[in-house]
Amino acid sequence: MPKEKYEPPDPRRMYTIMSSEEAANGKKSHWAELEISGKVRSLSASLWSLTHLTALHLSDNSLSRIPSDIAKLHNLVYLDLSSNKIRSLPAELGNMVSLRELHLNNNLLRVLPFELGKLFQLQTLGLKGNPLTQDILNLYQEPDGTRRLLNYLLDNLSGTAKRITTEQPPPRSWIMLQEPDRTRPTALFSVMCYNVLCDKYATRQLYGYCPSWALNWDYRKKAIIQEILSCNADIVSLQEVETEQYYSFFLVELKERGYNGFFSPKSRARTMSEQERKHVDGCAIFFKTEKFTLVQKHTVEFNQLAMANSEGSEAMLNRVMTKDNIGVAVLLELRKESIEMPSGKPHLGTEKQLILVANAHMHWDPEYSDVKLVQTMMFLSEVKNIIDKASRNLKSSVLGEFGTIPLVLCADLNSLPDSGVVEYLSTGGVETNHKDFKELRYNESLTNFSCHGKNGTTNGRITHGFKLQSAYESGLMPYTNYTFDFKGIIDYIFYSKPQLNTLGILGPLDHHWLVENNISGCPHPLIPSDHFSLFAQLELLLPFLPQVNGIHLPGRR
């Protein structure tokens, strides 16, 4: 960070005076810079209404103070306050996070507000000619002194981690969507989906707005496990779980609370030494053993599938096969104690009920929309194979009127709701010429992943055969990923209809709280990941028991 190239203002500050003819023709004036000079002692309050300004030149005046209202100029990237008589700076200056240059040379500054450390995009900080304390000067004069000084200020902004824990964000509200069906056998269970931000990705280069102590895994993991445990979900799907942390932290903590789990690291782990392998991240699924028993577990390696199904496609080999993302799936059996019978009906027992829970983390790069879409197709194809194979081993009485095993799919898809990935999942398929394929030649290999099979008729469309619905319908969650330069929905919980329904979901974090606290991105000392967790309560509709003379009887095994 910053990712965009910064172009400083032209020092000549050339201007053009609009002619009367241009004005008569309705030409609009545009000026993004303002210079005020002439030994000015105070500034008009109307200056702070010019929020369109990107550069403000106030050097060589007689200003002794800068009002806090300067923070209203939120588009400023350049601010020159050099050669004035400024003795102190307002803390609100730290909220001007768009600043790339801040010139404070030749003033009377003895100290700097710690809030200045929030200016993580600042590239130039001029402090020469100020009677600053020696510790600040020492940092500033080191190589890469501006960055070191800003990091020091940010890390000390809140004093210690202890002090910040008293200002917790407001609880996220629970949104009820519908009541459970009391007319038939059902089972209620809850699902959490959460990208916990792996330690090796939590760097100051990516998250310069977050203090280094709040990026530290030992600090973040406490809040992460607290969030997981407070939701008390029956099924927990996590992405970006470091291998070592799965075994030494997550599995240990969650087993104590009655969970069992399954984890697989990304494919690169297989080529690494044991020491390196510890730091590879992957996907994990945890489930409460009082509610489910494990029947099968599966790992889906997308690069292996790409290689096996390339069909001569260079794009499949050069773009998909080179990415080491994975997915995992567990086939669970619902314990009979979790089944709720209609009121007044005796609990006569039932055949075993299976459910497949899948979890995946797709490639991150926005330039690789084709890869995300192909990875999603491969994953759903493998999930369908797992379900079909497991269904063949079950009696029809177990599957009931639905004829298949229900699916819960959790994922960080790294794809927005208007993407080909989400269109594919939610509508049942996608056109082979969809724009997200970037006109690359995938057609022959994609037919392998269509529900019609390699020899089936695609009619120009790749389908998956499930009827999937998102637990979080449009508008319920404005974003699941919240960083300074990206805020959007990329995490999802899908489930198969008609066996499953959503009864309720955990709503978003209060946006007003984020704004009022000037939280421009996460992680943050109070928010441990750059993702917000998803949490939904689902209802599983179970098959009716076989009837003899109108009486329900348990199915025979």
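Glycine too: its Cβ is placed from the backbone N, Cα and C atoms.
Binding of substrate is annotated in Swiss-Prot for GLU240, GLU276, HIS361, PRO366, ASN481, PHE486; the matching candidate from ASN151, ASN156, ASN414, ASN433 at the same site is ASN414. Proximity of distant same-chain residues to the repeat 'LRR 4' (121-143), defined by a Cβ-Cβ separation under 8 Å and at least 6 residues beyond the stretch ends, is recorded for 1-2, 6, 82, 97-112, 149-150, 152, 208. Summarising the environment of HIS361 (substrate binding site), the number of other Cβ atoms within 10 Å of its Cβ, over all protein chains shown, is 26. Around the Cβ of GLU240 (substrate binding site), the number of neighbouring Cβ atoms within 10 Å comes to 24.
Just so you know, of the binding-site residues ASN414, ASN481, the Cβ with the fewest other Cβ atoms around it within 10 Å is the one at ASN481.
Using a 10 Å Cβ-Cβ cutoff, PHE486 (substrate binding site) registers 12 neighbours. In this record, substrate is bound by GLU240, GLU276, HIS361, PRO366, ASN414, ASN481, PHE486; the longest C-alpha to C-alpha distance in that set is 30 Å.
As a summary of secondary structure, the repeat 'LRR 4' (121-143) carries 7 helix, 3 strand, 13 coil according to DSSP.
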